[in-house]
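Visitor: The structure under discussion is supplied below as structure tokens; questions concerning it will follow.
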Amino acid sequence: MGTLATRAACHGAHLALALLLLLSLSGPWLSAVVPGTPPLFNVSLDAAPEQRWLPMLRHYDPDFLRTAVAQVIGDRVPQWVLGMVGEIVSKVESFLPQPFTDEIRSICDSLNLSLADGILVNLAYEASAFCTSIVAQDSQGHIYHGRNLDYPFGKILRKLTANVQFIKNGQIAFTGTTFVGYVGLWTGQSPHKFTISGDERDKGWWWENMIAALSLGHSPISWLIRKTLSESESFEAAVYTLAKTPLIADVYYIVGGTSPKEGVVITRDRGGPADIWPLDPLNGEWFRVETNYDHWKPAPKVDDRRTPAIKALNATGQAHLNLETLFQVLSLFPVYNNYTIYTTVMSAAEPDKYLTMIRNPS
């Protein structure tokens, strides 16, 4: 864990890396507006769940947050779900893992929202997280992990993107990137242990499956990422938890460690792993690219982000891989596109270099 006394030094490292990234984004890699870094907040896990997110919420206009919730729910949640929302929440609330439900209830109370709306907006984000994730090993055995998170509602979500340091016993237990009001994580790092990102695996009939799975006590996708970051003590333990824990929907979990060969893509069914795809650098397979499609199947021509990413990594070369060049790969169209909300690059062995940059800012 990192002490809070190092926060200023870490912030300086973030700025230095950000400057290098901005200087490197020239030529064919990117034609976008210069990205920006999101705000950084602390969330104390030593505080009661009802108190954890309140300091962060005070930095945002409640009316804007309520508008964001209404827009996401109105667009992502089917009408048949909205029509029976009260009944649904009353049925699944007792099955939702803690402390997440109490945290959501507190956020709702602060914003004068119903618990039903709070739970729905947290679950709605789980339905459409289109992404590109890369885990790779350089020629010296260092592991790097990067991801783009693509999502609708860019004008709103870019304003709600934040980095969060989760504090336990006065130390940084883990770090993640999330949206204000969303208690899960799609991107995170446990310092000196492992990194995780999640990519949606769309199998259809999502809401029906979700409601059925919640009633069985299965975990939401992003909540398991946060739980794993909080509780797992090693790369191996994280992979086991992410592979075996029952989920409300299918997903791809991408995990990076701190030692050579510690990188893997876990293709998940709701009940368990469908496939485990580790790095194999001794046989020249020093990176893994995961978008939103099973890696053993061709990527659809209408959404092939995989092939450009692979070509860019091969052009970069293992000897030249680092966080800056990985960011460049994630800045190549269509890996980077109009729906990209943020890009994160990270390495668990160097946790102070965790960096998220907001893309396509207005």
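Cβ atoms are placed via backbone N, Cα and C, with glycine included.
Predicted, not measured: the structure shown is a model, and the values here were computed from it.
Feature list, courtesy of Swiss-Prot:
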| type | residues | note |
| --- | --- | --- |
| ACT_SITE | C131 | active site, nucleophile |
| CARBOHYD | N42 | N-linked glycosylation site |
| CARBOHYD | N112 | N-linked glycosylation site |
| CARBOHYD | N314 | N-linked glycosylation site |
| CARBOHYD | N338 | N-linked glycosylation site |
| SIGNAL | 1-33 | signal peptide |
| SITE | R147 | site 'Important for enzyme activity' |
| SITE | N292 | site 'Important for enzyme activity' |
Visitor: Which residues in the same chain, at least 6 apart in sequence, have a Cβ under 8 Å from the Cβ of N112 (N-linked glycosylation site)?
Guide: P62, R66
Visitor: Measure the Cβ-based neighbour count of N314 (N-linked glycosylation site), defined as the other Cβ atoms within 10 Å of its Cβ.
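Guide: Summing over all protein chains shown, N314 (N-linked glycosylation site) has 11 other Cβ atoms within 10 Å.
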Visitor: How many neighbouring Cβ atoms, not counting its own, are there within 10 Å of the Cβ of R147 (site 'Important for enzyme activity')?
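Guide: A count of 28.
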Visitor: Mind giving me a neighbour count for N42 (N-linked glycosylation site)? Other Cβ atoms within 10 Å of its Cβ, every protein chain shown.
Guide: 14
Visitor: Near C131 (active site, nucleophile) in space, meaning Cα within 10 angstroms, which of the recorded positions do we find among N42, R147, N292, N314, N338?
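Guide: The recorded positions passing the 10 Å Cα test are R147, N292.
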Visitor: Counting Cβ neighbours within 10 Å across all chains shown, tell me which of the recorded positions N292, N338 comes out on top.
Guide: N292
Visitor: According to DSSP, does C131 (active site, nucleophile) fall in a helix, a strand, or coil?
Guide: strand
Visitor: Can you give me the Cα-Cα distance between N42 (N-linked glycosylation site) and N338 (N-linked glycosylation site) in Å, rounded to a whole number?
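Guide: Each residue's Cα considered, N42 (N-linked glycosylation site) and N338 (N-linked glycosylation site) end up 30 Å apart.
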Visitor: Taking the Cα atoms as reference points, how far is N292 (site 'Important for enzyme activity') from R147 (site 'Important for enzyme activity') in Å?
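Guide: Per the Cα atoms, N292 (site 'Important for enzyme activity') and R147 (site 'Important for enzyme activity') stand 12 Å apart.
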Visitor: Secondary structure at N42 (N-linked glycosylation site) (DSSP, helix/strand/coil)?
Guide: strand
Visitor: For R147 (site 'Important for enzyme activity') and N314 (N-linked glycosylation site), determine the Cα separation and express it in whole Å.
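Guide: Their Cα atoms are separated by 17 Å.
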Visitor: If H, G and I count as helix, E and B as strand, and all else as coil, what does DSSP give for R147 (site 'Important for enzyme activity')?
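Guide: SS state of R147 (site 'Important for enzyme activity') = strand.
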Visitor: Tell me the Cα distance separating N314 (N-linked glycosylation site) from N338 (N-linked glycosylation site), rounded to the nearest angstrom.
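Guide: About 24 Å separate the Cα atoms of these two residues.
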Visitor: What is the number of other Cβ atoms found within 10 Å of the Cβ of the residue listed as 'active site, nucleophile'?
Guide: 24
